[in-house]
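> Dropping the structure in here first, questions after.
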Amino acid sequence: MEKKATSNETEPLTSKKDVSDCSKGEDCKENGLLVRNPKSALRLVEDGNKVHPSQGDKGEAAQISNGYSGVQSSGPCNGEVEDAQGTAPAATTTTTTTTSTTCGAEAQQQLMELEDRETWSKKIDFLLSVIGYAVDLGNVWRFPYICYQNGGGAFLIPYTIMAIFGGIPLFYMELALGQYHRNGCISIWRKICPIFKGIGFAICIIDLYVASYYNTIMAWAFYYLISSFTAELPWTSCTNPWNTGNCTNYFSKDNVSWSPHSTSPAEEFYTRQVLQVHRSNGLDDLGGISWQLTLCLLLIFTIVYFSIWKGVKTSGKVVWVTATFPYIILFVLLVRGATLPGAWRGVLYYLKPDWQKLLATEVWVDAAAQIFFSLGPGFGVLLAYASYNKFHNNCYQDALVTSTVNCLTSFVSGFVIFTVLGYMAEMRNEDVSEVAKDTGPSLLFITYAEAIANMPASTFFAIIFFLMLLTLGLDSTFAGLEGVITGVLDEFPHVWGKRRKLFVLGLTIICFLGSLATLTFGGAYVVKLFEEYATGPAVLTIVFLEAVAVSWFYGITQFCNDVKEMLGSAPGWYWRVCWVAISPLFLLFVTCSFLSNPPELRLFDYDYPYWTTVVGYCIGTSSIIFIPIYMVYRLVITTGTLKERILKSITPETATEIPFGDIRMNAV
């Protein structure tokens, strides 16, 4: 038996019967809408199908939704909507906006598709997922290398400054946007600034690029993991079929001489057995596909699929392992590294400050780039993950906790790496700078792998180390693909809303096929090219435009009011200044520095030809080109004069529903 809401009792405005009644054009007097105008005034509208906008209303009110859903307000249907300024079809000039029966049917369909938006089972699921996304392979190899290269302990000063004024504010901004509007990276722009919707499509393209090469690095780690299940690790001797005459094992008991042409067993295992780069002549001759790496990658994508196919309910449980296991292993490796002879030499080299470095612009650029790519705004992941939060979740606290954990993990990882490098230098009787020449993945797969091979209980430490690399990479892959999945499903709910498993399957197959070029004998050259060009300047550009769109078009005051509705208090002046000026300038600074000095790529003994710079910029541009294309498209399809088209294109076109007691309130 239905109960009607009284002054002391509120009925959830959610039954499908009510929605059906509304769709038939009948009055929904028992299901009032709370409509907020830009001045935050609230009006109770007694008619569920007719909205009488006051002057200054930004858009039409949405149908009330069921539960905690992300249903958006419907836009004009069939051209039968008139605005308060009198822009109406020729048939009428009334100032009342009337939703037709067709609109009601479409609203009902939206309710049926999106009424139960999934939420995290527990708060800790969300925190572990964000931490797992932010803490990835780059924290282990990139930060230690960047730190000692740019002044050791002195580098922590620009790194901290860039984190406080650039990285963390942008991280917080994306979490707040996703949690308030409850949409993925594409459809969220209808509620912020529609003309920037191309940002969402660009983000999806970038995420696909990352999935195509990042998982290949995990396939290398998986190959190492399988190879570690032996009594003697295969990269400890020079007696294997893949070894050359230059192979020199200076850890052997025999006295050996190290010449400029000497190579270690670990280097030859990595280059000649795992990658097989000797069978490729470079980017213009990649060679065949390695079937071993192909099988490794296929297994990785299988794990990824069954971890994310059902949404955050399942991935939120998987990250309990993939996000926490690396910290256990890091602690074990840190303790082991600290007990090795010569470990102090590595720590001293890691932290010894070179204050003169702070005067170099490159150090500040590297600090800004490191904190930005470490925290990871601009990939749509933070928007997607936060969109599954409860409305009043304290995303401010989440931003501070997760970003702090991420930065501390990078710092501690440096000790894990450099204690071992100090041990290597002690064994070789060389300076740490000579041992630490390897950068990027080579630091893990050659230098660190070689050190592990010459430790007591080497098999055990090799297994847990490469298992740690796998778990670090997996939850970052979960996150990247979830950014695409949430974005597409929220934008096309009528197509994919009930077919998530099928869409995720198609997406993983596309990513696997896109990775085939990186599985060739010259695949490492492709990985390096994509790593440098596919994400760097493109993501920086995207987040710059995102910050500008939110702060200057949507409005910093409106955004802070949104945060206040969620958290109960508005962000202070520090956050406002960062969002409006400091963070965009921070992004512009890093982007211009990158574009003015493109990296000269070199991998092993291969110097990338000049044309790869052009190819690299084409890859980067192929994603962000969607932003101006959509802007032009938006202006073309919008009616009115040029000024009217621009104004309509920068004005939010749909409402954001927020909880208000047991009913839904539309923020427009």
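Cβ atoms are placed via backbone N, Cα and C, with glycine included.
Small disclaimer: the values here were computed from a predicted structure and weren't measured.
Features from TrEMBL:
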type: REGION; residues: 1-30; note: region 'Disordered'
type: REGION; residues: 48-101; note: region 'Disordered'
type: DOMAIN; residues: 50-75; note: domain 'Sodium:neurotransmitter symporter serotonin N-terminal'
type: COMPBIAS; residues: 63-76; note: compositional bias 'Polar residues'
type: TRANSMEM; residues: 126-144; note: transmembrane segment
type: BINDING; residues: Gly132, Ala134, Val135, Asn139, Ser374, Asn406, Leu472, Asp475, Ser476; note: Na(+) binding site
type: TRANSMEM; residues: 156-177; note: transmembrane segment
type: TRANSMEM; residues: 198-226; note: transmembrane segment
type: DISULFID; residues: Cys238-Cys247; note: disulfide bond
type: TRANSMEM; residues: 289-306; note: transmembrane segment
type: TRANSMEM; residues: 318-344; note: transmembrane segment
type: TRANSMEM; residues: 364-388; note: transmembrane segment
type: TRANSMEM; residues: 400-425; note: transmembrane segment
type: TRANSMEM; residues: 445-470; note: transmembrane segment
type: TRANSMEM; residues: 502-527; note: transmembrane segment
type: TRANSMEM; residues: 533-556; note: transmembrane segment
type: TRANSMEM; residues: 577-596; note: transmembrane segment
type: TRANSMEM; residues: 608-633; note: transmembrane segment
> I need to check the long-range neighbours of the transmembrane segment (608-633): which residues 6 or more away from its ends have a CB within less than 8 Å of a CB in the stretch?
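Sequence-distant neighbours of the transmembrane segment (608-633): 195-199, 201-203, 205-206, 209, 282-284, 525, 528-530, 532-534, 536-538, 541-542, 545, 598, 600-602, 649.
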> Using a Cβ-Cβ cut-off of under 8 Å, list the residues of the same chain that are 6+ residues beyond the ends of the transmembrane segment (364-388) and lie near it.
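For the transmembrane segment (364-388), the sequence-distant neighbours (Cβ-Cβ under 8 Å, at least 6 residues beyond its ends) are 70, 117-120, 126, 129-130, 133-134, 138-139, 142-143, 146, 149-150, 155, 158-159, 161-163, 166-168, 170-171, 173-179, 181-185, 188, 200, 203-204, 206-207, 210, 312, 395, 403, 406-407, 410, 479-480, 482-487, 490, 535-536, 539-540, 542-543, 546, 586-587, 589-590, 593-594.
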> If you count CB neighbours within 10 Å, which one among the recorded positions Val135, Cys247 has the smallest count?
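Selected from the recorded positions Val135, Cys247 on minimum Cβ neighbours within 10 Å: Cys247.
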> Suppose the Na(+) site is Gly132, Ala134, Val135, Asn139, Ser374, Asn406, Leu472, Asp475, Ser476. Which further residues of the same chain have a Cβ inside 8 angstroms of that site's Cβ centroid?
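Nearby residues not in the site list: Ile131, Tyr133, Asp136, Gly138, Gly376, Thr409.
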> Tally Cβ pairs under 8 Å between the transmembrane segment (502-527) and each listed stretch (156-177, 198-226, 445-470), then give the stretch with the top tally.
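Out of the listed stretches, 198-226 contacts the transmembrane segment (502-527) most.
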> Going along the chain, which residues six or more apart from Ser374 (Na(+) binding site) have their CB under 8 A from its CB?
Ala134, Gly138, Asn139, Arg142, Phe143, Gly167, Asn406, Cys407, Ser410
> Radius 10 Å, atoms counted are CB only; among the recorded positions Cys238, Leu472, which position scores highest?
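Output for this query is Leu472.
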> Decide whether the stretches the transmembrane segment (156-177) and the transmembrane segment (577-596) have at least 3 CB pairs under 8 angstroms, with pairs required to be 6 or more apart in sequence.
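Contact confirmed: at least 3 Cβ pairs fall under 8 Å.
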> Which sequence positions outside the transmembrane segment (318-344), separated from its termini by at least 6 residues, show Cβ-Cβ distances below 8 Å to it?
125, 128-129, 131-132, 135, 307, 409, 412-413, 415-416, 419-420, 422-427, 455, 461, 464-465, 467-468, 471-472, 474-475, 478
> What stretch, picked from 198-226, 289-306, 533-556, has the most CB pairs under 8 A with the transmembrane segment (445-470)?
198-226
> Taking 10 A as the limit, how many CB atoms besides its own sit near the CB of Ser476 (Na(+) binding site)?
26
> For the transmembrane segment (198-226), name the stretch out of 126-144, 289-306, 533-556, 577-596 with the most CB-CB pairs under 8 Å.
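So the stretch in question is 289-306.
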